[in-house]
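Visitor: Pasting the feature list from TrEMBL:
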SIGNAL    1-17  signal peptide
DOMAIN    23-94  domain 'Cadherin'
DOMAIN    99-195  domain 'Cadherin'
DOMAIN    196-304  domain 'Cadherin'
DOMAIN    305-418  domain 'Cadherin'
DOMAIN    419-527  domain 'Cadherin'
DOMAIN    524-642  domain 'Cadherin'
Amino acid sequence: MMESMLLLLILLEVVSGVAIPPTIVNSNPLTEAFDIESKGDLEYRVVTTGNPVLDYETMPKRFDLQIFVEDTTGRTDLNILTVQVTDKNERPVFRGNMAIQTVTIYVLEGTPPECIYQVDAADPENAELKYSLLPAPVPFMVLESGAIFSTKEFDYEKDPHCYFLNVTVTDPEGLNSTKTVNINIININDERPYFTTKQRIYRIPEEQSPGTVVANITAKDPDDENSPSRLFYSIQSSDRYFSINPSTGVLQVAGRIDRDALPLRLHPNVSVIIQVEDSPSVGHASEMEITIIIDDINDNSPECNPSTFRKEANENMTAGTFLLDLRNYCKDIDVNPSNNQFNFVGLSGFGSNNFALESTGSGRLVMTGSIDLENPANLGVGVYSLTVRVQDSAYPNYSNIIYIYIRIKPVNEFFPVFSNLSYEFNVSEIAKVGSSIGRVNARDKDWPPSVITYSIVAGGSTRDYTNVFWINPTKGDVKILARLDYETTQKHILTVQASDQEKTATASVTVNVLEVNDEEPICSPNFYSFQIPVSIAVGTNINGFRIECQDRDSDPRSFRYFINEGNMNNHFTFSPSAGSNTSRLILASSFDYESGLDKNWIYRLRVYITDDNLLSARDKTTHLIKTGMVTLSIRVIPNPTTVIATTTMTKLNTVFDGEARDPVTGKMYEFNTRSGARRWKKSSETLQPVPAVQFASSFVSLLDTKLYITSGSDLNKPLMPPK
């Protein structure tokens, strides 16, 4: 270890003054162990700071210091000073306990020579050390390893009781350190103690309280004949029942002693090995075995497992019927037969007069008579709650209560009976699916009342549905499962069954379906598309078009026809407009495109057909009216305005974006909603979107996916597809 010292003297040569004196601006490795001090007159010295103190053994061996200086003219200089740390020999040091205190060693008399202590010392330079002892001669020696050995077997009565040794450790250069070791010789006891108690067998009852004295064990030590002995008592055997006072030798009950539990139930004699010693660790000791006999007492009440019984018996059972033998479930665990006898007494509880114990000791429970649940005296009594006391025959007559619950099982003696032999319900044919139309009810005289379930066992099916009705199995509500149709079936006859799980009864249910106007007019065709010339005459039956309507629940005269949408300027009407199941489409007024009154060339008509023609205005507000619908697409073909003498044919591809069914053949055809062109539909083709097409004033005819533009001179010729 090095103290603060001068390392280097620095002399500066400057023309002008010093602005920044020599300063350590950096070091490698970083440290604060060095500083620069001024001595005046441009003389400086590099010194150690002592924080930290340089230590050759623990710190770096070399430091590079960067020293910076600047004069008042701004000129600077930077140099590196290398400091090399050199080693210095230091005294050996003690470590462990000897470094901080005087070590005391205790040696028992009679101990053979052995190592009694290991000196722990070290040299800062890790040099090899030598150990020595003073004063000499002493019965101890120290080895080169620093281990101190005794050289003889000590006798406390002959040898000194204490030795003081100076232990010196020296390094190769002669530097040393010394510490003191105290060695005390300890006296030992070499005689065994002996027991003075002569009794070896003891008897106690079970269940004694902890702390109860069982025996007082005494002993003496020959080494202490003339003074009070310091003896220690203990139990050497594994024993949970007893404990002994280590100072007085009093043997006491330590825990619960149950003669009725294993292992004492089979082996009631407890063997206890007691040891006495004159030192709790390395002294002499003696042992003695005693036997403690555990006697049984009547400390347990009879126990029943289970203590609660649940039995069932049918109503109307005869007197003397056996129900339960309680003795099969009860026992008293006391060991002595005089303590484990018991009997059964005190049968009580509501309705206990219906039951009895055959004899006091048997525990057999029997019925004294039959129980009829339908008898008003027994109504509401389904379970009888009884108690029986099981009691010791010996004093103090411990007892327990047994709980017995006897459920009287009802016997199904009666058939269910419907409140009516037959039921009749009326229901509108438009009643919603799930609606309740009526309820049937049946009762059973059995007590407690049986749970009656209802079911439909016959009737209630149609051509389209297997089950038109459903009955709630617990409440008897009859509900609709499918839509009723007066036109198909006006009356349903059901057979309903009531069951109490064992016995059944049936009743007839008649459901009358009430007629309601619930059918819509159905017209054919329901869609049609065609073309008409702009010059068609008023009153003309357009293209001979006619619709024919049917209504399953309405007279043919009940139909009214009116165009609800698309009839701009009221050009179209139906004749007749009411009172017939057929009607024709008529042009009601001519077209006027020249004056600008009409602007649309395509009419999409939505025709409504109602079935209220025969109803008065008053009845129309209360009766259900149904409406059918037909959709018509009409294209008006303008008059030709082209005067070219020759015929020019232009072939264009047509896009079909609509489809309909032909009313005559029933086949599907496709049409262009702008031009009205048609073709028979092929099953593999799909509809295409329509491009915006502007039509000239010339006459346009579209047939078989080809568009032909014809000059005005050909207008009187029939429109036929080209060949």
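Backbone N, Cα and C define each Cβ position, glycine as well.
TrEMBL does not curate its annotations; it predicts them automatically.
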Visitor: Per DSSP, what is the residue count of the domain 'Cadherin' (196-304) in each of helix, strand and coil?
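Guide: DSSP classes over the domain 'Cadherin' (196-304) add up to 3 helix, 44 strand, 62 coil.
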Visitor: Please work out the helix, strand and coil residue numbers for the domain 'Cadherin' (99-195) from the DSSP assignment.
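Guide: Across the domain 'Cadherin' (99-195), the residues distribute as 1 helix, 46 strand, 50 coil.
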Visitor: Quick check on the domain 'Cadherin' (305-418): DSSP residue counts for helix, strand, coil, in that order please.
Guide: 13 helix, 50 strand, 51 coil
Visitor: What does the DSSP secondary structure composition of the domain 'Cadherin' (524-642) look like, as residue counts for helix, strand and coil?
Guide: 10 helix, 55 strand, 54 coil
